[in-house]
Amino acid sequence: MTTQSGCYESVTDFYANKDVFLTGGTGFLGKVLIEKLLRSCPDIGRIFVLMRNKRGKSIETRVTELAACPLFDRLKEENKSALNKVVPVFGDITQLRLGMYEEDIQRLSNVSVAFHLAASVRFDDPLRDAIKTNICSTQELFEMLKATAPQLRAVVHVSTAYSNPENRYVEEKLYPPKFDWKKLVQAVDRYEPEALDALMQKLSQNSPNTYTYTKGLAEQVCNDYSTELPLAIVRPSVVLFTIAEPMSGWVDNFNGPTGMLVSAGLGITRTAYLRPKNRINIIPVDVVVKTIILAAWKRGTIERACGPKHLPIYNSAVTYEQSLEYQEMLDRGKEYLYAVPFSRMLWVPRGYPTDWKTLYYFKLIFTMLLPSFLLDLLIRMFGHKPFLMKLQSRIYGSEVSLRYFVRNEWEFETKQTDNLPSLLDEKDRNTFGWYMPRKLTGKYLENAYPTIRRYLMKDPDETIPYAKRKLARMILADRIISIIVCCLTLVAMYRRMFAESL
């Protein structure tokens, strides 16, 4: 595929000697993006990563910890010096000018590509916080790039495939705004947080939460600035662990399905209130990263001469047929958990989701809350700090915040996204293209569990034999308890029937 100037510019050439600016670089998606750029674009310039001091750690310490992440092991084997190209820049996305110092802003004068990944993914954020994080940060970044980056060739804004969740079929287009984002930004400084929260339902046209609402309005910010900046939007669906690069199964958080599978594997979660046959649209994080990289490449090469208001949108998602049924995902997950169980499991990984609300709360109380309460009492008796009820509270809060999404289904148009690899030559396609299996319940899930166990749970492979023996003992104990309960129930029923016959 040639550019509008008539010659093909490869992806690696596009990024060669180009400085990149990145927000959200310490997040799950950001880490994988940094790793892929450094490994597959070895001649890339500097990667400026916006960071803030956190938990007493400076940005320099945080970038050192970032490089120590197992995600970068392959890069360190192939080209360790590439990590020196990561330059931390102090800032805060909730502040004016992203909270950056003037001298740091001037360092961005040679930036050619910018990626805006930073966002609050909490569904229950107060509206004021969500506006500052998801809308104001987008405007501040664009204003800064306009003023300081004359060599800019592409800006990619990472949104979400659920930015307009009222549409069950989501096309790769911009949807009408629910509100004027400029008025909302002005309201942040005029009204108290409580007043904004009270107006949420009216302002948002009944959006399910502040996250999807503000992410949808951030796309309108992109639209307004598309006359001045070479913008593109990437909308990932539910981003999960890697499928191939730089290793299979890497993930660094317990968000969404990962938390569900891990808590089930520990024997903590025994039920969930969802429709078992509903499907979840999962997309591997390394596929999303390649989409982001190619979206910037295409915007800066093939689409470089496109006129004002050109705003390509890419839905990074799988087809409805490739999406997973919750029941199937949990069933396969339990199979793999039995093969490589966690050494710190509290009970046998077992339990089933239900769409019957009464049954859900019955199982929640008697299979999760009551056992956790009793175990916490036991833990306290031995002089240790109880934790299970607090953990159950967090799990329940997460389940409630996700309820809108697990009880509904979406389909996504992906024509523009699927077309990206076809624009590449063979060499680039081998490096930046992707293959998605017809079903993600096979090797994708199976290969992920050992990696999740090893890196996310900090459970070394050497503990697998012990964990299997522990699981076998727990299964035996579970069966004995079940038999005793059944026998006691039968005895009680027999005595009652015998008493009534007298």
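Cβ from N, Cα, C; glycine included.
The domain 'Thioester reductase (TE)' annotation in TrEMBL covers 22-292.
The transmembrane segment annotation in TrEMBL covers 359-379 (among others).
Taken from TrEMBL, the feature domain 'Fatty acyl-CoA reductase C-terminal' covers 368-459. Looking just at the domain 'Fatty acyl-CoA reductase C-terminal' (368-459), the mean pLDDT is 89.
The list of residues near the transmembrane segment (476-494) in space but at least 6 beyond its ends in sequence, with Cβ under 8 angstroms from a Cβ of it, reads 347-348, 350. Here TrEMBL flags 476-494 (among others) as transmembrane segment.
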Contact set, same chain, for the transmembrane segment (359-379): CB under 8 Å, 6 or more residues outside the stretch: 268-273, 346-347, 351, 385-389, 391-392, 396
